[in-house]
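Q: Before I ask anything, let me first share the structure, which is written out below as structure tokens.
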Amino acid sequence: MLREEAAQKRKGKEPGMALPQGRLTFRDVAIEFSLAEWKCLNPSQRALYREVMLENYRNLEAVDISSKCMMKEVLSTGQGNTEVIHTGTLQRHESHHIGDFCFQEIEKEIHDIEFQCQEDERNGLEAPMTKIKKLTGSTDQHDHRHAGNKPIKDQLGSSFYSHLPELHIFQIKGEIGNQLEKSTNDAPSVSTFQRISCRPQTQISNNYGNNPLNSSLLPQKQEVHMREKSFQCNKSGKAFNCSSLLRKHQIPHLGDKQYKCDVCGKLFNHEQYLACHDRCHTVEKPYKCKECGKTFSQESSLTCHRRLHTGVKRYNCNECGKIFGQNSALLIDKAIDTGENPYKCNECDKAFNQQSQLSHHRIHTGEKPYKCEECDKVFSRKSTIETHKRIHTGEKPYRCKVCDTAFTWHSQLARHRRIHTAKKTYKCNECGKTFSHKSSLVCHHRLHGGEKSYKCKVCDKAFVWSSQLAKHTRIDCGEKPYKCNECGKTFGQNSDLLIHKSIHTGEQPYKCDECEKVFSRKSSLETHKIGHTGEKPYKCKVCDKAFACHSYLAKHTRIHSGEKPYKCNECSKTFSHRSYLVCHHRVHSGEKPYKCNECSKTFSRRSSLHCHRRLHSGEKPYKCNECGNTFRHCSSLIYHRRLHTGEKSYKCTICDKAFVRNSLLSRHTRIHTAEKPYKCNECGKAFNQQSHLSRHHRIHTGEKP
């Protein structure tokens, strides 16, 4: 009753006058502060107050609009049962007692809210369009000096509340119609009645019974309305308690992407998404990690990154029990567990469990939008170019905690860790061989099936692995994108560059556990280990000769086929092995990169340096089982064994003479061809053997052996 009397006084009425029933106004649920109390609130408390007041107002308006749309105007037929909706908008009240320190921002928000019943317009009916328009005038011009410490309720009574629309809904039946006519005549601030028709089939909400004027039920139902979401999306069925939220939600359904990137033309639903996207072009990364200094373009990325340092994993999978640091990783894992692949390619019907995988599936378009500024190589994924850049920078961010070895990619580190654990979980069903990586097992399966999926477009040569095709392609086109920063030498493969770098550093990280011999390549170590076991699984189909390595068998096969695919561009000489061609190139260039630390003598081949070192150490590791004779070189032992067996594998095609060594055959062949490749730089005399040239040099130098 006190609240009702106060409301009547603010409207200039006496306490005993009748008021329209069933109307709950904003002031009835407003939280009130005096000016002194308001000054005691901090910014966060004021922001909270603003949100609560706006939410209350939206809920009240939702109730009011839904009630209004449930009524209709029926033209009078003289029977006295006409239903009329009267909408009165209170005129502005000029008042100088309101302070804009509290409600100014709330008022702006309220003025921006629009309530529209658009369904009626689509059906061709006249629809109620009640808009709360932004007002100009009194509230922004009020003087704080007149506000004093009066309660905000009193200040808002004459000014702020007059801006809020008071929508009075009455049902004219008997005496209620007379009350309506009387109340409207007594209210000087109410404008002319506006008749608005609604859909006839619209039913009145059951929340208030059959009588919309039953004000006694309204206070009890207030809490229900605060939670009510009366704005529903026709597409998804999702409900909202504010029309602005509904409109924002409907943008993706309508296809209205109004924010366009000026650089790439990409469209976005919201302005903040465009702002985040712009950082891709500007490379702006304002968010920095305090732990490692890494920067990010989005704050959410920084938040996810921090979990790497803290080790926090908040997202738990109910299927497999795995925990993840990011929700996106959990969603991906769930798709793997369920086998769900909801993202499908329209071209080839291939399905993916991630949207990003479908986006990266650019096989049909051939699109590669990401280009490396160093070598002009193009990529289909941004993540691929980021990892590619580490080749040029030499960055190796992934380090093994056991042996401190660093790697360019995380996959390399994961693969390396299995060396320490010796875990080989992938087993071949054909031969029982186990592998530490699934990709290795897949490649191994191709050896059994003879499958060669990767074919060269130039020469139609097929390969088992994609890396083999890439290597072959670079040989054909002569491309060498990998350059050594020390000597400027270029290579067709990154692995060759890494091996080459060990020449400058002298690094040999791979050590044999049996004899403690060290190697610069892992493949060399693996080959060496087979020497200890004596295992030779690779057998030649022509001569039944067995080899410890597949590469040795491949080299041997070329002896039978006579294939020499590697050709020198200088002298057109061909070779059966690439390594032979590389060594041959040094004959033309005069390069001798391998130097002895003892006597500073240089060599064009690493093997020659190793053999030379045995002169200083006196080491002779190769022993004949027949006579016990030892040798510095493996080739010397092989040739020696032929003395016991009498084998002479190398035969001259002209005179049928046979030799123990290939070098002896080459020397003999020069007798028939009269070739003299060894020339003296002093006098120009030529010789058919290197030893003859060396002997001739002593004439000029005066050296006596």
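Each Cβ is built from the backbone N, Cα and C atoms, and glycine gets one as well.
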Q: Based on the annotations in Swiss-Prot, which residue of Lys173, Lys229, Lys423, Lys517 is described as SUMO2 cross-link?
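A: With Swiss-Prot as the source, SUMO2 cross-link is noted for Lys173.
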Q: Please identify the range among 13-34, 101-122, 343-364 that Swiss-Prot labels zinc finger.
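A: Of the candidate stretches, Swiss-Prot labels 343-364 as zinc finger.
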Q: Based on what Swiss-Prot says, identify which of Lys39, Lys221, Lys457, Lys541 is the SUMO2 cross-link one.
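A: The SUMO2 cross-link feature in Swiss-Prot corresponds to Lys221.
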Q: Ranges 57-79, 149-171, 287-309: which does Swiss-Prot label zinc finger?
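A: So the range that Swiss-Prot calls zinc finger is 287-309.
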Q: Please indicate, using numbers and ranges, the residues of the same chain that are 6 or more beyond the zinc finger (538-560) and have a C-beta under 8 Å from a C-beta there.
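A: Contacts with the zinc finger (538-560): 527, 530-531, 576-577.
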Q: The zinc finger (287-309): which same-chain residues, six or more beyond its ends, come within Cβ distance under 8 Å?
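A: The answer is 276, 279-280, 325-326.
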Q: For the zinc finger (594-616), DSSP counts of helix, strand and coil?
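A: Helix, strand and coil residues of the zinc finger (594-616) number 11 helix, 4 strand, 8 coil.
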Q: Three or more CB pairs closer than 8 Å, sequence separation of 6 or more: does that hold for the zinc finger (566-588) against the zinc finger (510-532)?
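A: Checked: the zinc finger (566-588) vs the zinc finger (510-532), no contact.
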Q: With Cβ-Cβ distances below 8 Å as the criterion, list the same-chain residues six or more beyond the ends of the zinc finger (454-476) that contact it, or say none.
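A: The answer is 443, 446-447, 492-493.
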Q: Below 8 angstroms Cβ to Cβ, which residues of this chain, lying six or more residues outside the zinc finger (594-616), approach it?
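A: Contacts with the zinc finger (594-616): 503, 583, 586-587, 632-633.
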